[in-house]
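This report concerns only the one structure given below.
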Amino acid sequence: GVDKEGCRYLLGACTIDDDCCLHLGCNKKYGHCGWDGTF
């Protein structure tokens, strides 16, 4: 994920990892942001 204005939080809709905020990645199966395992 990225640290930028407008990034999606946990369970926010996404198509790619960079749609999501830091420490979140896009879950392609469900189409939302989830924790990517980083701190």
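Note that Cβ sites are derived from N, Cα and C of the backbone, with glycine treated the same way.
Here is what Swiss-Prot says about this protein:
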DISULFID  C7-C21  disulfide bond
DISULFID  C14-C26  disulfide bond
DISULFID  C20-C33  disulfide bond
MOD_RES   F39  phenylalanine amide
Where does C14 (disulfide bond) sit in DSSP terms: helix, strand, or coil?
coil
Calculate the distance in Å between the alpha carbons (Cα) of the residue listed as 'phenylalanine amide' and C21 (disulfide bond), and round it to a whole number.
12
Could you give the Cα-Cα distance between C21 (disulfide bond) and C33 (disulfide bond), in whole Å?
8
Quick one: what's DSSP say for C21 (disulfide bond), helix, strand or coil?
strand
Listing them in sequence order, which of the disulfide-bonded residues C7, C20, C33 have their Cα within 10 Å of that of C26 (disulfide bond)?
C20, C33
When the Cα of C7 (disulfide bond) is compared with the Cα of each of the disulfide-bonded residues C14, C20, C33, which one is closest?
C20
Whole-number Å value for how far C14 (disulfide bond) lies from C33 (disulfide bond) (Cα to Cα):
6
Rounded inter-Cα distance in Å - C14 (disulfide bond), C20 (disulfide bond):
7
Near C14 (disulfide bond), how many other Cβ atoms are within 10 Å of its Cβ?
22
